[in-house]
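Peer 1: The structure is given below, and queries will be raised subsequently.
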């Protein structure tokens, strides 16, 4: 390439003389000079006219750093092409462009057939009819049409296979003998396949299992129909067009500065006409603008809200408009024809009827036509500039040569890429997880997580807790809950019953029901024709396995009563009855006994009716019972039961299989103590190419240390305590190091538990510490996506054995998988299992966000950030209100929910805070309408939770003062029914999650994700004085106040009801009207809990011969809040290690005793 280039956007083009398969490219600077290219784009083409960009990571190739070294790139997927074009992006600023290239590959030959839309290729098999069990069909195609049949075949019995293009995607129809199908259902794959470039297709079928691969994307599916073979005796028309000439397009790259100006060609008929094609993903953008004679008229054609809108601006503010089309931003090519002749303006889109604007006089264009946007002078952008592709531009029926534009011979342009339509489908592959729906613009994609049970930019994070134990730690009571046992893993949520009744040390039971919990009477069954019942659980087999594996202990009661119905008493030892475990394996031991032998619980307890037999029923008497509890976790749950000896006279059996019941969460209290700076735990390489979430708890007294680290050749990921009050999350995926930091207002090395959650995906990265505001960074739009790691994952230290962590880490979970720190610590020097201290015991000592704080001779519960009180933060704080009562909590200073700021950020990422609120309270009333809670700001924003006139709950959000408030009504029923109701509201950006009582979480979307700016106060009950509420319904509820019981009110870290009772007379709390502390919430919740418990225990009476094999139950305290502690200098590491060893030895006996005491 000549460094003294003349073109505005120079490039180097290679003609390989024939189609070749290119596998690698290499570049070098100009010999003995300061001229080299440091980054470039690579395009390829079969014809040298229509080009396609090779997608390499973020799109660009790294070039040279000097003139002599060779930089080679092996292509991740080879390309078959004749022409290559290198487009320099950056070069040595001290020199000129200098580029030498070398291309690696081999020759490529292939037979080609050309179709014009009317022709076909017919293939006849040697035999008239052929039936196949396995098929492999492969082909490559290219087209400029979005519709067309590639392949079709059918058989006499109704089998058929059809492969066709539809809306530029590939659709496969395959039927194996389904004769009564009312409609054809296609499997679709691929996108933008009408780009005039070669695409490969592979269809692999074995019986009814099919793999469809288009380019590098594969979809697996199972065919409809009853057959396993494909019978084809006729193959018909292939109507597919791939004809020349190739259509040359240009790409508008910028939504602010791209434009193409073209002169108006002369028209002999007066007026003017413009015709062109476009494609885009953006819902808004300017397509065409021109000034008109007579002045000051102008004409604008734009995409607005995904429709095409034509606006004629006349004098002053007058204008005429027409709109046409629907979803013109679907990524497909659309044809536009604009004609101003014959005293009207006619707008035609594709094949739709024309839309017209009538004229009083003939219009003429004045000056140039501006496509896609406007320069700084000449026209005015009414909206964003167009981002997308255009081709086939005609002005007054004259074609516009874009090559002349590029060479400076015609018109003018800015931020355009010629000879290619550089559109890409960012939803292929779909990077939205857990079934999230993907939508896109030109530069990004978006995930709609509605109804998935997940949240976040890519629907990665579960909105549910992983276990009933976790729900109890958040202050929940017994009821039905959705749990997600593998968190952000693939399994999804399932609904269970959580039994949380009892004292502090009581077990939390997770109950999973099935379809047959009622007693079943069996008669007439025999070994040849046994009675069989399959149990379908409310969770999938995978979810059940996750619940069981993560629990301390599981059990399932099997009640079996018999009359002359044996279980195992046969001459040859063949069992007459049995059950299948969760994996489908036959099990012949009965309830209460150990696996592996044909015995019942009475044999284990040595109290069988007849000691000659191992089961009571095997004595073959009139009435017997072999009830017991199955508790071997690996065999649970019972998936099927088989009864085979009730066909004799007077013989019968009655059985009932209870629900699966588990307690304990092994992950919550899985901990390790690090007492040497050079020590660490190592695990396999983190699987986190496209995304990962990391969460854990820590406690320490040292000022800094690395929690975990995983390295690649250049990429890395790291979470560390960088100073006594700062946690940082850093990583590099190839775009340069990114650092997220959360700073706490109090030290984090206070020997108390603190929570950390870091997440990184292709859209953003986030970091949360305790209840501090969430920090997050948006990823660059076209940056590197994949985090490439190759070393082991180091926990509690680094590969260099420096900056190691001293303290405790527990509940380490990555992508829904909990790491067993205790087991790995047993074989690692410098690390021990568990964690010293009273607050690391197995019991939940502090509840409802209460924080366990270590003391020299015990512990105390800090309930300052909990809405509850008492020694264990478990006592309800309830107050009775009447119509004139109100509590107003005034924030100490104008308070922003998001106060935290990160100290560092990558220059290529945009850092912002995700605005969020957490609200929780319980109420009991018979009055409606009523004001429950309202939060107001100095900027006239507000949140209001009211009961409407009909008793339904309404949640009002006014975040934008120039818009009408958003309102949601989660339950249409009357909640003013004299019963206690629990309300939980969580907002994150635009998404609001609401839970009423034990109902599932409901998600709502706000019209804005704005921050509550300068929060002024929170009011419970009657609103007195001037109100910021702009809606009569809310104002009316505020004037009516609230009559009833409010209990355990929490807004973020503020507990206003408790503050009102503990700080009477404080300037922060204003109390008006009667306000009486009450136990109304406790009494009401007690009644509700007993009702739910009775419901769960219905039919689960304890029978004789029951036995439960219970393992150890150990769990640690819950975290929250902070306390100041002294900070030691880094040079005292050795002393700290010694102190940790001493503390570990001192507290281990105490911790063990605590575990035993709380069993």
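Cβ coordinates come from backbone N, Cα and C, glycine included.
Just so you know, TrEMBL annotations are computer predictions that nobody has curated.
So TrEMBL says this about it:
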DOMAIN    1-106  domain 'F5/8 type C'
DOMAIN    112-250  domain 'Laminin G'
DOMAIN    249-421  domain 'Laminin G'
DOMAIN    423-460  domain 'EGF-like'
DOMAIN    459-514  domain 'Fibrinogen C-terminal'
DOMAIN    670-835  domain 'Laminin G'
DISULFID  808-835  disulfide bond
DOMAIN    836-874  domain 'EGF-like'
DOMAIN    894-1080  domain 'Laminin G'
Peer 1: Can you tell me which recorded stretch out of 670-835, 836-874, 894-1080 has the most Cβ pairs within less than 8 Å of the domain 'F5/8 type C' (1-106)?
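Peer 2: So the stretch in question is 670-835.
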Peer 1: Report, as a single number, how many Cβ atoms besides its own are within 10 Å of the Cβ of residue 835 (disulfide bond).
Peer 2: 28
Peer 1: Using DSSP, what's the helix, strand and coil tally for the domain 'F5/8 type C' (1-106)?
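Peer 2: Summed by class, the stretch gives 0 helix, 59 strand, 47 coil.
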Peer 1: Give the residue counts of the domain 'EGF-like' (836-874) per reduced DSSP state, in the order helix, strand, coil.
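Peer 2: Helix, strand and coil residues of the domain 'EGF-like' (836-874) number 3 helix, 11 strand, 25 coil.
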Peer 1: Under 8 Å between C-beta atoms and at least six apart in sequence, can you list the same-chain neighbours of residue 808 (disulfide bond), or say none if there are none?
Peer 2: 671, 672, 673, 674, 698, 699, 700, 835, 836, 837, 840
Peer 1: Does the domain 'EGF-like' (423-460) come close to the domain 'EGF-like' (836-874), meaning at least 3 CB pairs under 8 Å for residues 6 or more apart?
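Peer 2: When sequence-distant Cβ pairs are counted, the domain 'EGF-like' (423-460) does not touch the domain 'EGF-like' (836-874), since fewer than 3 lie under 8 Å.
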Peer 1: Go through the chain and flag residues at least 6 beyond the ends of the domain 'EGF-like' (423-460) whose CB is under 8 A from any CB in it; none is fine as an answer.
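Peer 2: For the domain 'EGF-like' (423-460), the list is 55, 190-192, 217, 251, 255, 279-283, 331, 387-389, 482, 484, 488, 490, 492-493, 690-691, 693, 759, 761-764, 781-782, 988, 991, 993, 1001, 1003, 1005.
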Peer 1: For the domain 'Fibrinogen C-terminal' (459-514), how many residues does DSSP put in helix, in strand and in coil?
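Peer 2: Summed by class, the stretch gives 6 helix, 18 strand, 32 coil.
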Peer 1: If you average pLDDT over the domain 'Laminin G' (670-835), what do you get?
Peer 2: 92
